[in-house]
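What follows is a single structure, written as structure tokens, with notes after it.
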Amino acid sequence: MFKQNSFCKIIPNFEKSRHKGQNGKIASIGGSLEYTGAPYYAAISSLKGGGDLAYIFCTKSAAIPIKSYSPECIVYPYLLEEGEEQQLDEMINKLICQTKIMHSLIIGPGLGREQITSKILEEIFKQNNSIKILDADALWHISQKQNKLIRIIQEKSEQFILTPNAMEIKRLLEYFELEYIKPDYDRIIVKQQQQQFDDYQQQQRMQQDGFINYKQIVIDCGYPGLMAELSRKMNNVIIVSKGQNDIITNGKVGYAIDMVGSNKRCGGQGDILSGLIGLYSYWAQEQNIDKIEGCILGSVVTRGAAKRAENKEHFSLTTPKIIDHIGDTLYSIVCGQ
């Protein structure tokens, strides 16, 4: 059962005795000639959400543009581009060495779909034991039949969190030969829970304010049941299915985040979500709380920040404006304001 006060339990005490990096060292692996914004959004969101250090591992052609966005992110131009295949072993050794110190890896935003990338992912999956958030192009790679990536996920499922959109869900279902069901969010069945009176009253007040609404749901039928089955195919890996409601499940329990975000769907909001999930799943793990609750917090903060930004920006809303509201959204959740 996910309770309201679990949000506060996830968040570490920001005491003066803590050292740099202890509140989160998060790495975004992606960034290519074509795509430089996505890995940056994921990394900077982890900082704005409360992390200490953010790293980006990208190609050489992406490094200078990404460095120019902000001095906050540490950028390593390690990923290979076309024609650099002969450097693969050296690059993998450097990447594995550097990422061992990371608490979470966000893999996929701006990564690209080159064949060599699947080999890089295979080594990261095998050799790195940090939490790994798979998004965007990483989900494309694992859904391809001719690779070993799904098998590694099944063997180390407790280390992985998948954040697919509708198209990425369809590819994963096709991989496992499961039939797609269109989500019907109005028919999601809420699981009845016994709650402490104070927790229930607090949640009701926040829902009435239009700020937060999440619920535990039945996962043995409909679209939530399909997501739970997909999770079980990968040994109960956590799946965050993005949509009108975010459906979050590990095949054993499920949650729906029925909370208003921004109506304008500007690009990059999924990158924010993956960055925050990378941070908050680490926080949850450090507090011996199920990482699925860190995923819930990531979804809630993303949607809350998007709504705050939209209320101010209206038609001109873009993703950097949403990122600007991550901090005050988290603060409001913690303080109940």
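A Cβ is built for glycine as well, from the same backbone N, Cα and C atoms used for every other residue.
Positions annotated as (6S)-NADPHX binding site by TrEMBL: Gly110, Asn165, Ala166, Met167, Glu168, Ile169, Lys170, Arg171, Asp271. Annotated ATP binding site per TrEMBL: 242-246, 261-270, in sequence order. What TrEMBL lists as domain 'YjeF C-terminal' is 3-333.
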Residue among binding-site residues Ser262, Lys264, Gly270 with Cα closest to the Cα of Ala166 ((6S)-NADPHX binding site): Gly270
Winner by Cβ contact number (other Cβ atoms within 10 Å) across the binding-site residues Ala166, Cys266: Cys266
Inter-residue C-alpha distance, Ser262 (ATP binding site) and Glu168 ((6S)-NADPHX binding site) (nearest angstrom): 22
Tertiary neighbours of Asp271 ((6S)-NADPHX binding site) (same chain, Cβ under 8 Å, six or more apart): Gly37, Ala38, Pro39, Tyr41, Ala42, Ser45, Pro109, Asp135, Ala136, Thr319
For Gln244 (ATP binding site): intrachain residues, at least 6 apart, with Cβ closer than 8 Å: Pro183, Tyr185
Distance check against Asp246 (ATP binding site) for the binding-site residues Gly110, Glu168, Lys170, keeping those with Cα within 10 Å: none
For (6S)-NADPHX: widest Cα to Cα gap among Gly110, Asn165, Ala166, Met167, Glu168, Ile169, Lys170, Arg171, Asp271 in Å: 20
Cα separation, Gly110 ((6S)-NADPHX binding site) to Cys266 (ATP binding site) (Å, whole number): 16
By Cα-Cα distance, the member of binding-site residues Lys242, Lys264, Gly268, Gly270 nearest Glu168 ((6S)-NADPHX binding site): Lys242
Largest tally of Cβ atoms lying within 10 Å of a Cβ, found at which of the binding-site residues Lys170, Lys242, Lys264: Lys242
Number of Cβ atoms other than its own within 10 Å, given for Glu168 ((6S)-NADPHX binding site): 24
Rounded Cα-Cα span from Gly268 (ATP binding site) to Lys170 ((6S)-NADPHX binding site), Å: 21
Cα-Cα distance linking Gly110 ((6S)-NADPHX binding site) and Lys242 (ATP binding site), given in Å to the nearest integer: 18
Most Cβ neighbours inside 10 Å, all chains, among the binding-site residues Gly110, Gly268: Gly110
